[in-house]
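Here the structure is laid out as structure tokens; the discussion comes afterwards.
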Amino acid sequence: MNRRSFLRRALLGGAALSLIPLDLMAAWQKASFTDAGFSQAMQNNFGTTSIPSSDKITITAPAAATNSAMVPVEVSTTLKADQIFLLVEKNLTPLVYKLDLTGRMMPYFNIRIKMKESSAVHAVVRSGQKYYRATVDVAVTAQAC
Amino acid sequence: MSAQVRIVATEVAGVVTAKVIVPHPNESGRRKDELGNLVPAHFISEAKGSLNGTALFEMQLGPSVSKNPFLQFRFKGGKGDTLNVVLLDNKQNSFAGETVVK
């Protein structure tokens, strides 16, 4: 290998290497947090847009939120959950969070979220490789964002 | 970014309720400032919790979370356990907090 081809290969290799870490670091799944609308978000996260609703999931949220920049949303379930998702149908980025639980965690999560406008709020729980859903409507009376 | 993550964890009948508050602007990237310029996205995108060094939960968060994110969760544990929470924002800044369950 002469000097010229060595340099060329080193350059190519370096360029290739510099691309890899970007992919590895993308633990944050961009597709899950799509801004292409609610049905696309459902498709990207669950592979389907129709998830059966379950009365074993409870969403506690104000029916009317006075401050849309800080809406408390509490999700709990009596299902044996290993994942919980929260989606706001009309937000530009519908998915709020995706939570992976270990056995020690109780299937409960409370968070404060932003809402663009009055919208349905969906909680999706994965239990035994199946998804279940609950929905509440939250009306926003004062807009912040 | 020296602001500290605040965690409070209390145990009642074998179940620990933990509250986490992270001082963070959590900009969605959609808001405009007074001059009409878009404020760049800057939000907490990942969170991880562990109890006595063992993983408890892992989560990914989107830009729809409120400013100064507030997270509350429950797990099985006892007094004296050490709860550690690490958060990462979309600019790769990390924030961490640790507390002993009371």
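Using the three backbone atoms N, Cα and C, a Cβ is placed for every residue, glycine included.
Taken straight from TrEMBL:
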{"type": "SIGNAL", "residues": "A:1-26", "note": "signal peptide"}
{"type": "DOMAIN", "residues": "A:43-145", "note": "domain 'Ig-like SoxY'"}
Local confidence of the domain 'Ig-like SoxY' (A:43-145) - pLDDT mean: 91
The domain 'Ig-like SoxY' (A:43-145) - residue tally per DSSP class, helix then strand then coil: 4 helix, 56 strand, 43 coil
